[in-house]
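Accompanying notes for the structure given below.
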């Protein structure tokens, strides 16, 4: 299928202050956005794609100055792809607090003339949705044909259908959960502890010291990657294969250097992540994950929390995803059915664990393609 080709981000500036769930206020902030396809005259074919932890506004296509900069969901979004940009106008937004151009910890705090660092206020999924709604307003979009996301992006899609029910026709929530389990919060805490205990963290003001807490970021990313893959997938990819620096494949080195393929993979992913991601942003986003719990205000009753939704839903999960297991998606499905909402649900038998939502699986893509065909017929796209 054809790639969407060369794309370019745009920066949108917002002068109206944004009051956060914590009570803090962000004023004069900016959000980086990318769009693909054309908005129709009725402004009825817009789809918002919400990103997960380490992703960004760059959903699809490549940048002219970097042919390797393929968007994180390029296999899903583009001409002739499941989310077909010949029919839909697709928006990707880099969330507030991120490190890819939107206002966040790396931005200059106008009150001090220095980067916010750890002083940047804690943000929530709900804060992101309110900020994204202002992006929609700027484009003149009153109602999205769909809001879609996987993992943390799926939480944002679900939050959209709760917070702006009249502005979402379809909610597409993939490999997600209505709230984090204690185990998931624990994984996030271990990752944050690795960053906070790095001597280069400097209380979050490492920018002034010209350093980055890379050791902590590496460990945080390694922990994350373990949870994104299934046991079977790791066994197939790595098994107990050795990878020694001296090239030997059949003997132990009796040291603590890298010896196993899986060790090499985790260190590579950790190093790569630490080079491009910001530690303060990692802390913020994992805390936003922890806090997401729309049923909390309803004494834990998810059915009550979803009572005022109006959208139609596609909920999808993956059989080997143990980070956000299929049972968590089924909780959402049950609550929606209890409210007599229109719900399509699929549990896809895929070996790749949580990361399966990012991969080009024919059954998964055919599901999304068919669902978007239905949406296209509804909006005349």
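Cβ atoms are placed via backbone N, Cα and C, with glycine included.
Owing to the predicted nature of the structure, the values given are computational and were not obtained by experimental measurement.
According to Swiss-Prot, the domain 'AB hydrolase-1' annotation covers 45-360.
On its own chain, residue 151 (active site, nucleophile) has 52, 53, 174, 175, 176, 323, 324, 354, 357 as residues at least 6 apart in sequence with a Cβ closer than 8 Å to its own Cβ. Residue 151 (active site, nucleophile) falls outside any helix or strand according to DSSP and counts as coil. Per Swiss-Prot, active site, nucleophile is recorded for 151.
The annotation substrate binding site is assigned in Swiss-Prot to 221, 355 on the grounds of sequence analysis. For residue 355 (substrate binding site), the same-chain residues lying six or more positions away in sequence with a CB closer than 8 A to its CB are 228, 229. A helical conformation is recorded for residue 355 (substrate binding site) in the three-state DSSP classification.
Swiss-Prot lists 321 (among others) with the feature active site, giving sequence analysis as the kind of evidence. In sequence order, 175, 230, 353, 354, 356 are the residues near residue 321 (active site), counting only same-chain partners six or more apart with C-beta under 8 A.
The site 'Important for acyl-CoA specificity' annotation in Swiss-Prot covers 323 and rests on sequence analysis.
Annotation source Swiss-Prot lists active site at 354 (among others), citing sequence analysis.
Its own atom aside, the Cβ of residue 323 (site 'Important for acyl-CoA specificity') has 23 Cβ atoms within 10 angstroms in the protein chains shown.
Within the same chain, the residues at least 6 positions away from residue 221 (substrate binding site) whose Cβ sits under 8 Å from its Cβ are 269, 270, 273, 274, 277, listed in sequence order. Summarising model confidence by region, the domain 'AB hydrolase-1' (45-360) averages a pLDDT of 96.
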